[in-house]
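Features of the protein shown, as given by Swiss-Prot:
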TRANSMEM  13-33  transmembrane segment
TRANSMEM  34-54  transmembrane segment
TRANSMEM  86-106  transmembrane segment
TRANSMEM  127-147  transmembrane segment
TRANSMEM  153-173  transmembrane segment
TRANSMEM  192-212  transmembrane segment
TRANSMEM  231-251  transmembrane segment
TRANSMEM  260-280  transmembrane segment
TRANSMEM  286-306  transmembrane segment
TRANSMEM  337-357  transmembrane segment
TRANSMEM  389-409  transmembrane segment
Amino acid sequence: MVIKKTTPGLMSGTMLIIATVIGGGMFSLPIAMAGIWFPGASIILTLIAIMMLLTGLMLVEVNLHYGGGASFNTFTQDLLGHKWNVVVGIAFGFVLYILTYAYISGSSAVISQTVEKYSGFYLPARLSVIIVSVLVGGIAWYSSLLVGRITTVLIIGKFVAFFATFSGLIWHVEGAKLIDSAAWALPDTQYLPYILMTLPFCIISYGFHGNVPSLVKLYGTQGVKNITRSIFIGTAFALLLYIFWLVVTMGNISRADFSPIIAKGGNIDVFVEAIGGLFTSTSMDLILTFFGNFAVASSLLAATLGLFDYIADLFHFSDDRSGRFKTALVTYLPPAVVCFILPGGFVYAIGYAGLAFTIWSVILPPFLVKAARKRFPTAVYTAPCNNMILNLVIVVGGFVYLTVVLDVFRLLPSFS
């Protein structure tokens, strides 16, 4: 009897993209965008979404030349050589490590806040870091399948809690706060000086590019429509959700009121506490707490699973208990130690992740496409990008990279 292989539906790829890009990192958006506020933030998020969509489609074009199972290491090495491959490998590892640090920081902060809020017991941030690191490391050590199942539950819980919480807030949005009218604006208010510092946060908010090889592997070279549609729908959904998120936060918390949030470090626990102050209902405040915990926990598991697999492949650790223990140690110990020393760096880490992420999600794809179009006379799929667009994306990528470097050295104006 011939068993017919089931072709994955569009939903599988779309959910992969959505689950990857939408997570705890969205908590950093209102804080990062406070300087330019809602009108400017909406425009920049839209423009960056278009650019990230194009670079994602560029990777699809390149990846399809090599078929399912090929990843960045394969086609970067083949098309651009060993030096480029080393740079991309370092950037890839850096992004995953710094995101692991960011989500350990965010998770530990939210857990500490939740425990103190509902039990009255003060859980020190550093102790919370140890608990989170050991718990997540233990789950990853036990089974990648367990990580996947727990992540699925957390993602469902995250979206249910999100819409249950913020669909009510939409009716309390004040247009005057949203446009920062004179009644709410700070004295001598300015917006343009803060544009550059928002770019790294916007870039990382559409970080699905590492999943393009997974999509190609999922659908195969014959599933081009499902691959591209998954990316289109996932990116569009993320953009709309981010704008909705900014509407309900910036429409309820004025720009002036963001200053004390930022002054406290802008970590997730501080922001969740500020939003919690908007609710008069205890049950809604509880749902918000659940959302905060679900969001960062799902992001932590998803991001660290990618790093876990990358480390195992890089160091050729075996997939038995001993090998997975080594992998877990190399994966979680370095970011946990940094987080123990600097426990409140969630927002800053998300921004710094944009430094390396820009390399392999913005700058790398056009170079790969240029090389692939010279190498291969035909293509299964051609991204909607001519040479002018490819060059423009390279320039923009270089510009974004420069802004992150300037921000590291505190040479960019920051809203506070």
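For all residues, glycine too, the Cβ spot is worked out from N, Cα and C.
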Taking 3+ C-beta pairs under 8 angstroms (sequence gap of 6 or more) as contact, is the transmembrane segment (231-251) in contact with the transmembrane segment (286-306)? no
Checking 13-33, 127-147, 337-357, 389-409 against the transmembrane segment (286-306) for Cβ pairs under 8 Å, the most are found for 13-33
So, does the transmembrane segment (13-33) come close enough to the transmembrane segment (127-147) to give 3+ Cβ pairs below 8 Å, pairs being at least 6 apart in sequence? no
State, in range form, which of 13-33, 153-173, 192-212, 337-357, 389-409 has the highest count of Cβ pairs under 8 Å to the transmembrane segment (86-106). 337-357
Folded-back contacts onto the transmembrane segment (389-409), same chain, C-beta under 8 angstroms, at least six residues removed: 51, 54-55, 58, 196-197, 199-200, 203, 351-352, 354-355, 358-359, 362-363, 365-367, 369-370
With a Cβ cut-off under 8 Å, give me the same-chain residues at least six positions beyond the ends of the transmembrane segment (192-212) that come close to it. 16-17, 20-21, 25-26, 28-29, 32-33, 35-36, 40-41, 44-45, 48-49, 52-53, 55-56, 59-60, 63, 72, 92, 95, 231, 234-235, 238, 242, 306, 350-355, 357-358, 360-362, 365, 400, 403-404, 406-407, 412-415
Same-chain residues at least 6 beyond the ends of the transmembrane segment (337-357) whose Cβ lies under 8 Å from its Cβ atoms: 24-25, 27-28, 31-32, 90-92, 94-95, 98-99, 101-106, 108-109, 125-126, 128-130, 133, 197, 199-201, 203-204, 207, 265-268, 400-401, 404-405, 407-408
